[in-house]
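Participant: Relevant sequence annotations retrieved from TrEMBL are reproduced here:
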- 1-20: region 'Disordered' (REGION)
- 1-16: compositional bias 'Basic and acidic residues' (COMPBIAS)
- 30-51: transmembrane segment (TRANSMEM)
- 99-121: transmembrane segment (TRANSMEM)
- 128-147: transmembrane segment (TRANSMEM)
- 153-172: transmembrane segment (TRANSMEM)
- 179-197: transmembrane segment (TRANSMEM)
- 233-253: transmembrane segment (TRANSMEM)
Amino acid sequence: MSDKDSKETTDRKPSTMDEITGVGSSWGRAMLVPILALFTALVCGALIIAVSDLDLLSLWKSDPGLAASGTWSKISGAYAAMFRGAFGDLQGWSETLTLAAPLILAGLSVAVGFKAGLFNIGAEGQMVIGGLTAVIIGFSFDLPAIIHVPLSILGGFVGGFIWGAIPGLLRAKTGAHEVITTIMLNFVALNLLTYLLKSSAIQQPGRDDARSKLIQETARLPRLLSFMDDPRLRVHLGILIALVAAGAVYWMLFKTTLGFEI
């Protein structure tokens with residue numbers, strides 16, 4: 001690149017869209033992506049809800065106004081129920097945070113790869129295998145909580161790592177693209193999980209469905225709201241671990257030499 005080109009690149013004025021959205025700044029870009037992702041998800045969900053009712057679809061030819069009103073009522077009702085279920089009461093918040101913890105950690109697991117230009121689409125399969133490994137350790141041993149909990153977490157790390165290492169080795173040894181191999185391994189992991197959950201070694205006694213044995217109490221993370229004496233409030237230490245991990249990954253990627261090299 002010549003000095004002239006470099007000067008033109010450096011002196012480039014932000015576009016009108018940059019000024020409106022703020023994407024010219026790192027903060028603007030960081031906010032724009034999740035907002036667009038959420039908006040896209042809501043639109044796609046609305047379209048699926050709209051076309052899933054055959055009676056409403058048949059109304060569009062005879063009475064478009066009634067069809068539009070009915071479709072809007074169905075979509076808004078579904079999203080309102082979803083919002084109430086997730087945030088409407090303390091139990092909803094508890095379940096939302098409980099389910100968010102593994103998703104946050106799964107997102108962090110692929111963030112490092114994305115930063116390095118590797119498109120790991122296998123977080124689902126890696127999370128399944130890691131969770132399966134942690135559950136097996138959780139019900140197979142009778143250990144003190146101070147040992148059992150870290151051992152189960154470590155087992156989950158190892159299980160997910162091994163499953164994620166398979167496409168890495170295939171990429172290094174054969175050149176197989178990680179997008180293809182990780183997607184394929186997602187299906188392998190899900191079917192392997194279904195098979196193992198129906199095996200006598202893992203399936204909960206007395207059950208015919210795919211359900212694992214209950215893990216020992218000593219392998220469970222401490223519940224954050226245990227003082228309220230309500231077993232429905234399941235939110236546990238995992239959400240705090242996930243938030244700390246998010247901060248640590250951010251610091252590593254953007255504040256350290258290692259992150260710059262990645």
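Cβ atoms are placed via backbone N, Cα and C, with glycine included.
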Participant: So which residues does the transmembrane segment (153-172) touch in its own chain, when a touch means Cβ under 8 Å and the partner is 6 or more beyond its ends?
Facilitator: 109, 120, 122, 125-127, 129-134, 136-137, 178, 181-182, 185, 189
Participant: Give the nonlocal contacts of the transmembrane segment (128-147) in its own chain as ranges (CB under 8 Å, at least six residues past its ends).
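Facilitator: Same-chain contacts beyond the flanks: 102, 153, 155-163, 189-190, 192-193, 196, 202, 212-220.
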